[in-house]
Structures are given as C-alpha cells and as structure tokens.
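Presented below is the structure to which this report refers.
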Amino acid sequence: MSDNTTLDNISVNSEKVVDYTIHHDDRKELERLVSHNKGVEKIVSELAEGAGQLGPLEQPYDIHKVETHPDPHTDYNDADPWKYPIDKETKLRLVDWTEGDKHNPKNFGKGFKWLCTVLLGMICFVVALGSAIVTGDLERPAADFGVSEEVIILASVTMFVIGFGVGPLVFAPMSEEVGRKPIYVVTLFVAVVFIVPCGAAQNIATLLICRLIDGTAFSAPMTLIGGSLADIWEGPERGTAMAVFSAAPFLGPVCGPIFGGLLCDYAPTWRWVYWTFLIVAGFFYVVFIVVVPETHHGILLKKRAKKLRKDTGDSRYRSFNELQIRTFAQVAKTSLLRPFVLLSELIVFLVTMYMSVLYGLLYMFFFAYPIVYQEGKGWSASKTGVMFIPIGVGVIASSLAAPFFNKDYNRRAQEYRDRGELPPAELRLIPMMIGCWFVPAGLFAFAWSSYQRLSWAGPCFSGFAVGFGFLLLYNPANNYIVDSYQHYAASALAAKTFVRSIWGACVPLFTIQMYHRLGDEWATSLMAFISLACCAIPYLFYIFGARIRTFSKYAYAPNMD
C-alpha cells in the first residue's frame, strides 16, 4: 500500500468503485479491512469452485450476494478480537486465516516444516519397506506352513499390496470429514499392531488375513501425505518437499530386499523379518504422532469457528467446511464410484496403465533378481539384495534433478502467464518425455547382460537407469492428472492408485513362472518392449492432450481457438 494518506479507487468488486479518504491513524484499520476483504473473496472463490462437487450449500447462504462483501454490505464488530466480517443479510461470519496467523500450517517455522516433511517421508518409506522386506525370505515360511511358493507370495506380498489399493477409497474422503491426524493415529496404530500376528502366525490363513489388514491400514499415510505437504508448504517451495516425499515409495521397496536378504542369511527364523519391521514401524509411529500436528486447513478452521461460537456465544461463526452439506450417497458417489467413471477418460486410462507397468516392474524385480543371481549364479540372499542399491541410487539422482525440472516448468508457465494465458497441463509432460527412455534402456541392458557366464555388474548397474526413470515418470504423471482434472483430480488419482496396486499385487504371482518359461533374457525383454511402447503416451498427450480434454465432461480445458 502506498504511503500517501489518500487511497483512491479501491475496487471491491467488478461493478462498484469506492473512494476512500483516510488519515494516517486509520491506515492500519484500512489495511485490516482490505486483508479481510481478500480473505472473504478467497472463501467465496472456494465456495463457487467446490459447490458443484461437494454438495449443496447450507441455506440460506447465497454465494452470489456475498461477492460484494465486505463492502458495502459487511460490518466489523469492534469488540471482536478476531475481526471477522459479518454478512448483514445472512448474519454469518466467515472464519478464515488472518494475515500472519500463527495457527496456519503454512506459517510454521521452516525448521519445523522440514522436520514434519522428513517424518512424513520416513513414514512413507517404512510403509513401502513393509511391502518388500518379506521378499528376502520366502522359502522358510513356505516350508514352515507347508505351502507352495505361489501361496506364500500371495499371503505375504499380494494381499499387502491389494490393501494399498483398497484403503485410499475409504481414507481419503474420511480425512476430509475428521482431519488427517486422527486417520494417521488410528490406521498406523492398527497397522503396527497387526504386524505382531504376522510374525507369530501359526498357519497361512492368519498371515494372509493380517497382511491384508496391514496393507489396508498402511495405505492411509501413502494416501494422505501428499495433502499434508500441501497443507504446510507454499506452492513455490512445495516442489523440493514433494521430491523428498516422492522418492520414499521407491526407496522403501528397494531397501526391502536388502534388509530381508540379510535377515534371511543371519536371523535364526523368518519371523525376525516381521519383528524387525515391527521395531522400525513402531519407533517412527511414536515419533510421528508426537511431533506432526493436524494440518488440514478446513478442519482447523472448523475447530476455530466452533471455539468462537462457544467463547462468544455467537452462533454466526462459520468455516468453509461448515457451509457444506454432504449426504452419505454423495460421499459414496465421490469416493467409490467417480474414480471408476474417470477410468473411462483416455488421459486417466493411459496414464494409469503406464504407472501400473512401472509399479509392476518394481515388484517384478523382487523375484527377477533372485532368479538371476541366486539361481543363476548361486549367490546368497543377502548378496543378491545388495544388487538393488543402484536402483535406489537412480531414484535419489532423479529426486535431485526434480528441482531443475520444477524450475524449468515455472519458467515455461510464466511465459504463458505473461501473455495472459493459462499454462497448459501438457507442460508437466516434459520430464516424462525425457525419463520414459531410461526405463526400457535399463531393462534391455538387464535382460541381455543376465547370462550366467557374464559379469554380475551388467544387471546390477542397469538398475540405475530404471530407478532414474521411475521418478521422472511418476511425479509428472501425477501433476499432469491434477492439472488436467482440477476438481476431479482426487478421484482420478484414486483410480490410478487402485488399478496400479491391483496390478502390482498380481505381478508377483506370475513373475517366477514367466522367467522360468521364457528365460531371464526374454522375460525381461518382454517388459522392456511394453515399457518402450508406453514411451508414446507422454508424446501423444503433449501433442493432442489439450484437444482430448475438450471432448471430456470431467477434464479441464481452456477455450481453444
């Protein structure tokens, strides 16, 4: 705001322009008024965007009438220390964050933000670790239970990953009603507790059921952590934080066979795989619950409005969340039906298929590496597990490159904004167009260097290219879906997660048979050819994506000439 004592032509809406003449002593009050005006406009914008998808607004609240508030239809109650605007027609008082609000998660100190980010990433790492650590020691539990290799894979790996796909359909919408922290507390507690019967199981049925429960409960943090990071980080800063988080789902499965292989060779029983996982998961659960607070803005503002109503006796305080009414049918439609409807969208379908191929590759490696190194070269489980390290190094290298691609995106997007245009969603595809080639290149290198007579180094170091490509594909794909579907992005991502998890759960059931029948070289080459064909997907959408969205009733597409 200018230092002049006269402020002319403050526009509070598109139709009315009001002249104000103020003295220096009134400047602070005017600044607060303008600040709250922006806050109301923000809430009104959210109401207008969310009304169509989140259910009808509480009557008689009229968002069209509120667009001219707080001037000239809004007053401030001087006795109210919160200084929230009062709507003269509806008498409601809109509760939103005030400037510099210390309770706003985005205003947390940077050190605390990074502490929360690291803990969120570690929880995600631990969850992903739980899906893979058991693959290092499958023969001993199969012998104990008297079941085949396929059955023990079904019980210990497949059921866990199926839970990954089912859980998000329930936990994501539930977190919008009760907040993220209660979901974290309850689901992680259930997940940690059910590791115990897995380790103590006396029959295969117990292991199968408990691993399914574990996978479902552990899916909650994998679903909610992205939202938690968005709660605490501003847009320009979020890219680096998301790079830390997004590496965790890949590093966890990579480290799983390493730890599992060591336990297989040196632990007295296979049950120590679960006891070790219990210790790690339990430790991070306690630290996480103690340190990380509730960050969901809607829930925090709802609690503030409730407290204000109680403290002041004024029932007019309302948060944005309280201006929504959603029936059970609406919630069920949003969380259970819409994701499957969106799978009929070409963009969602093809991106989902691509991500499913990548996810399947990750779980295929858990069984391909033992075939190549343990069966082919006679190595131990622990030595074989070390061969996964280059994949992890590739993932880390890709995450370090993420800020560069994020900076490039911001530069390209700003060029559109400078011309008064919206940046197209297809700008998100540029890293995919680069990263897509690394995966088939790494797979072909793995395939044709896996002969028994050749060095171990070929299959080992080819994993770097695959790991590097994974993250360059995963993050941009999610961003592309979000930018393409805007309000329906959560449902589109839920659909992707469900299909990806189901496919990832199925891959271990046929990988061993595929390698034994096709041979190490052609089995891996088959997946390499499939991933090579998928390279066309980002290029297809980069060229035709904007036009494809114009034919969709769900996708967002700017007007095209």
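Positions of Cβ are set from backbone N, Cα and C atoms, glycine also.
Taken from Swiss-Prot, the feature N-linked glycosylation site applies to Asn4 (among others).
The annotation N-linked glycosylation site is assigned in Swiss-Prot to Asn9 (among others) on the grounds of sequence analysis.
Nonlocal intrachain contacts for the transmembrane segment (114-134), taken as residues 6+ away from its ends with a CB within less than 8 angstroms of a stretch CB, comprise 108, 156-157, 160-161, 164, 188, 191, 195, 214-215, 218-219, 221-222, 225, 228-229, 232-233, 241, 244-245, 247-257, 259-260, 263, 273-274, 276-277, 280-281, 284-285, 287-288, 291-292, 295, 363, 366. The transmembrane segment annotation in Swiss-Prot covers 114-134 (among others).
Annotation comment: Swiss-Prot describes 151-171 (among others) as transmembrane segment. Packing against the transmembrane segment (151-171) from elsewhere in the chain are residues 130-132, 134-135, 138, 141-142, 145, 183, 187, 204, 207-209, 211-220, 222-224, 335-336, 339, 363, 366-367, 494, 497-502, 504-506, 508-509: each is 6 or more residues past its ends and has a CB under 8 Å from a CB in it.
Packing against the transmembrane segment (182-202) from elsewhere in the chain are residues 123, 127, 130, 167, 171, 174-175, 210-211, 213-214, 217-221, 224, 271, 273-275, 277-278, 281-282, 285, 288-289, 292: each is 6 or more residues past its ends and has a CB under 8 Å from a CB in it. Here Swiss-Prot flags 182-202 (among others) as transmembrane segment, drawing on sequence analysis.
Counting only same-chain residues 6+ beyond the ends of the transmembrane segment (212-232), those with a CB under 8 A from a CB of the stretch are 105-106, 108, 113, 116-117, 120-121, 123-124, 127-128, 130-131, 159-168, 171-172, 175, 180, 183-184, 187-188, 190-191, 194-195, 198, 238, 241-242, 245, 249, 292, 295-297, 497. Residues or ranges marked as transmembrane segment by Swiss-Prot: 212-232 (among others).
Non-local neighbours of the transmembrane segment (243-263) in the same chain are 117-118, 120-122, 124-137, 222, 225-226, 229, 270, 272-273, 276, 362-363, 366, 369, 380-386, 388-389, 391-392, 395-396, 398-400, 402-403, 406, 467, 470-471, 474-475; each lies 6+ residues outside the stretch with a CB under 8 Å from one of its CB atoms. The transmembrane segment annotation in Swiss-Prot covers 243-263 (among others) and rests on sequence analysis.
Cβ atoms under 8 Å from those of the transmembrane segment (272-292) belong to residues 115-116, 119-120, 122-123, 126, 129-130, 133-134, 136-137, 181, 184-185, 188-189, 191-192, 195-196, 198-199, 228, 259-260, 263-264 of the same chain, restricted to positions at least 6 beyond its ends. The transmembrane segment annotation in Swiss-Prot covers 272-292 (among others).
Taking Cβ pairs closer than 8 Å, the transmembrane segment (347-367) reaches residues 132, 135, 153, 157, 161, 250, 253, 256-257, 388, 391, 439, 443, 463, 466, 470, 473-474, 477, 480-481, 484-485, 492, 495-496, 499-501, 503-504, 506-508, 511-512, 515, 527, 530-531, 534, 537, 540-541, 545, 548-549, 552, 555 in its own chain, all 6 or more past its ends. Residues or ranges marked as transmembrane segment in Swiss-Prot (evidence: sequence analysis): 347-367 (among others).
As annotated by Swiss-Prot, transmembrane segment applies to 385-405 (among others), with the evidence given as sequence analysis. Same-chain residues lying 6+ beyond the ends of the transmembrane segment (385-405) with a Cβ under 8 Å from its Cβ atoms: 136, 239-240, 242-244, 246-247, 250-251, 254-255, 257-262, 365, 369, 373, 430-431, 435, 456, 459-472, 475-476.
For 429-449 (among others), the entry in Swiss-Prot reads transmembrane segment, with the evidence type sequence analysis. Same-chain neighbours of the transmembrane segment (429-449): 358, 361, 398, 405, 408-409, 412, 455, 457-459, 462-473, 475-477, 480, 520-525, 527-529, 531-532, 534-535, 537-539, 541-542, 545, counting only residues six or more beyond its ends whose CB sits under 8 Å from a CB of the stretch.
Taking Cβ pairs closer than 8 Å, the transmembrane segment (454-474) reaches residues 246-247, 250, 254, 354-355, 358, 361-362, 365, 369, 372-373, 377, 387-388, 390-395, 397-399, 401-402, 405, 431-432, 434-439, 441-443, 445-446 in its own chain, all 6 or more past its ends. The transmembrane segment annotation in Swiss-Prot covers 454-474 (among others) and rests on sequence analysis.
For 492-512 (among others), the entry in Swiss-Prot reads transmembrane segment, with the evidence type sequence analysis.
What Swiss-Prot records for 526-546 (among others) is transmembrane segment, and it gives sequence analysis as the kind of evidence. Listed by sequence, the residues of this chain that lie at least six past the ends of the transmembrane segment (526-546) yet keep a Cβ under 8 A from its Cβ atoms are 347, 350-351, 353-354, 357-358, 360-361, 364, 424-426, 429-430, 432-433, 436-437, 439-440, 443-444, 447, 476, 480, 484, 514, 518, 557-558, 560.
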*Residues of the same chain, at least six outside the transmembrane segment (492-512), with any C-beta under 8 angstroms of its C-beta?*
135, 149-150, 153-154, 157-162, 164-166, 168-169, 172, 223, 335, 339-340, 342-343, 345, 348, 351-353, 355-357, 359-360, 362-364, 366-368, 371, 478, 481-482, 484-485
